[in-house]
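Here is what Swiss-Prot says about this protein:
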- 17-37: transmembrane segment (TRANSMEM)
- 57-77: transmembrane segment (TRANSMEM)
- 95-115: transmembrane segment (TRANSMEM)
- 119-139: transmembrane segment (TRANSMEM)
- 173-193: transmembrane segment (TRANSMEM)
- 200-220: transmembrane segment (TRANSMEM)
- 227-247: transmembrane segment (TRANSMEM)
Amino acid sequence: MLQYPQIDPVALRIGPLAIHWYGLMYLIGFALVYAFGRRRITSGHTTSMTVRDLEDLIFYSVLGVVLGGRLGYVLFYKPAHYLANPLEIFYLWEGGMSFHGGLIGVIVVMLLFAHKKRLGFFTVSDFIAPLIPLGLAAGRLGNFINGELWGRPTDVPWAMIFPQSGDGLPRHPSQLYELGLEGIVLFALLWWYSSKPRAAGQVSAMFLMGYGAFRFLVEFTREPDNFLGLLAAGLSMGQWLSIPMVLAGAGLYLFTARPPSR
């Protein structure tokens, strides 16, 4: 069993202001997206997007992630609670974000952005898809530092005891699994896959399939939300939300891979 490194969730204090690691990870994630996106633009990988376009897209994507992530959590995970306590929807400091909701928020942003810039939607989504795992990796590291979203009890040699779980049981460090698969591995795969010319929509399709598949697998080691538990077929909410992603990605890939009709 490995020792969980208890890290102060506050990264920096400036007088009464406390900067938490989790919020800092969000900033680092967006900074990485900007850095690697700028590199692709300046290297001539794309002629459709400019650095200014990237800056605008990231700015509006922050809004999409926050609003979509919060509303996704409200609708997917605790609809009854927030229906009875609607003002708590705005209590962002209490936590509660959904990746799948955040993704929907970013898709809406990309649709509006593509329309405004007169670009094809897949031109935008194929450009940004390989960069999203960088933000995911930073976010999962923030989860690990916070000691939250831990895994299920296990006896594997690398199990850890997360103090906030309250039961003292060794558990999977599922945050690190997600960091590795949904973050590092998915980024490497998409960066390589998108380095060559692809039909419009195929990079986006690979992201949907890759993230959905990795999230589905990791959920077998992740402790389900205590207010939901496991749902139909013994699957978690995260798994049920990931299945449509994989199916949509597969359908999009097959559709875009078809030769043009004559």
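One is the number of the first residue shown, and numbering goes on along the chain from there.
Quick reminder: no glycine exception, Cβ is built from N, Cα and C everywhere.
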Point to revise | Close approaches to the transmembrane segment (200-220) from elsewhere in its chain (Cβ under 8 angstroms; 6 or more beyond its ends) | key: 99, 120, 122-123, 125-126, 129-130, 132-133, 136, 174, 177-178, 181-182, 185-186, 189-190, 193-194, 235-236, 238-239, 242-246, 248-250, 252-253, 255-257
Review point. So which of 17-37, 95-115, 119-139, 173-193, 227-247 is most in touch with the transmembrane segment (57-77), counting Cβ pairs under 8 Å?
Key: 95-115
Review point. Counting Cβ pairs under 8 Å to the transmembrane segment (227-247), which of 95-115, 119-139, 173-193 comes out on top?
Key: 95-115
Study note, to complete from the structure: The answer for the transmembrane segment (17-37), taking Cβ pairs under 8 Å and residues 6+ beyond its ends, is 7, 9-11, 49, 54-55, 58, 61-62, 127-128, 131-132, 134-139, 141-143, 145-146, 191
